[in-house]
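Colleague: Quick one: this structure, given as structure tokens, is what I'll be asking you about.
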Amino acid sequence: MSLASAARAAFPPLLVFLAFLGLWQLACVALALPAYLVPAPAEVAREAAAHADALAEAALLTAVGALGGLGASLVVGGLVAVLFSQSQTAARSLYPYAIFLQTVPIVAVAPLIVVWFGTGLQSVVLTAAILSVFPIITNGTTGLVRVDPQLLELFAMSDASRLQLLLKLRLPGSLPYFVAGAKISAGLAVIGAIVGEFFAGFGADDLGLGALILQTSGRLQTAYLFAAIFSATLLGLVLFGAVALLGELALRRWRGRELAVH
Amino acid sequence: MPEPDPASHIEARGLGVRFPGGVQALSGLDLVVRRGELLVVIGPSGCGKSTFLRVAAGLAPASEGTLTVAGEAPERVRARRAVAFVFQDPTLLPWRSLHANVRLPLELARVPSAEQNLAADAALALVGLSEFAAAGPAALSGGMKMRASLARALVTRPELLLLDEPFGALDELTRERLNDELLRLWERDRFTAVAVTHSVAEAVLLGDRVVVLSARPGRIVADIPVPLPRPRRAALVGAPEFAAVAAEVRARLRAAAPPDPSDLSVRT
């Protein structure tokens, strides 16, 4: 996508956002809503500017937790997917528990994680990992198992071993599926990190976005709270965008080589 | 077991294949493919012609009867890399360069890499794709991909080449070029080749013999020699002697095909 077409694509949603901000500002002024309930966008912007350092620091901390969780998901989810693709028995007996990871309410498990692992980064990472691992497992397993039958016969013609099939056919062939899974997991990891911070935190002096959201809501600093919520949304977007971009680059290499002629 | 005839390469005796679902794909097939022969199998779709190739490659088991290649079980021939298979689709791995695709069979057989590279270079040169060695499949046309697929099949210098409707998905002109290419390669090395097709013209152009199979379960209904001189090229298709053989194959094929319910003409 060229820069011009990207700008064209971004224009309509941007317009909607600006219109939304305008209406919001107008409603706050016209209805004289109290700032502790619904702060006007200008007020939120003022608060965000005033606490820019704290917000950036918090976003960075939460990003570390989310990235740690996403990384753990990729490693553990990838290994589980390989296991599932290699053993029908393992897949059949363990898959229900993988679904369990998806269905268990993370807010219910997070306190348990704190009991077991204490407060701090490790618990935040673990919460983010639990929430984000499932798409990697399912997408990865699908990609590893779903192989063109003709390619399987091609490898069978060379009497390829299981390991050769895995390393030279299944793993490289599943890259698009892992990328798709990672894109879903990126957003989930940020949510997981914030939920993790609600319970585990990074300690009294190091506030991540999750802890900041709790603190500002407790003190009715609603405009600051809004700024923190926007920062969390932005962080999710940035992480998703980064993973999508990396994935697209990897896929381009994967299916590409169009330019490698001569 | 009787001493194998050195002139026969594939011997099928009473070969029958029944799929796990119970479908009888082939039944009572007796067929000998001579060494160095280019045999074409033609038949209505679903007649089991691809299944015959799979059994010969050791990819599918025979349910009844036997099939041997050079007097051995197909799996053993495969293990010593003496047989290669060309699939309907090019089946190139998109993440590998052409060169890496072509050397794959040698790589899987753990042949030393210097040897792999030399063989892949030679195979690519054979099909005229040397300058595209570093390119990926996405950069190539359908015909070029199929030529790369041929190069990959020939990289082990097989004694037996099995081709499963290899050019069926290509446009007419590309198909003609690839048939010429296949004929040239076969004339050069005289490996034994069995090609499956549903095109009468292709069958007559390529084959020393054309074997016509009936609708499922496939049985041999005709074994037609093609007395046209070699070397042959696609231009032969217009010749009157070609038309005569093609007419015979077409007549036998029509008799073998199941009646078409949409055909309203009265058969006599």
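Each residue, glycine too, has its Cβ placed from N, Cα and C.
Unlike curated entries, TrEMBL annotations are predicted automatically.
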Colleague: TrEMBL tags one of A:31-52, A:97-118 as transmembrane segment - which one?
Modeller: A:97-118
Colleague: Does the structure show the transmembrane segment (A:97-118) and the transmembrane segment (A:223-247) touching, where I'm treating 3 or more Cβ pairs under 8 angstroms (sequence separation 6 or more) as a contact?
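Modeller: Since fewer than 3 Cβ pairs under 8 Å link them, the transmembrane segment (A:97-118) and the transmembrane segment (A:223-247) do not come into contact.
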Colleague: Give the nonlocal contacts of the transmembrane segment (A:177-203) in its own chain as ranges (CB under 8 Å, at least six residues past its ends).
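Modeller: For the transmembrane segment (A:177-203), the list is 61-63, 65-67, 69-70, 73-74, 77-78, 81, 106-107, 110-111, 113-114, 117-121, 123-133, 135-140, 142-144, 146, 209-211, 213-214, 232, 235-236, 239-240, 242-244, 247-248, 250-251.
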Colleague: Same-chain Cβ contacts of the transmembrane segment (A:124-145) under 8 Å, 6 or more residues past its ends?
Modeller: 65-66, 68-70, 72-74, 76-78, 80-82, 84-85, 91, 98-99, 101-102, 104, 106, 109-110, 113, 117, 166, 170-171, 173-178, 180-182, 184-186, 188-193, 195-197, 199-202, 208
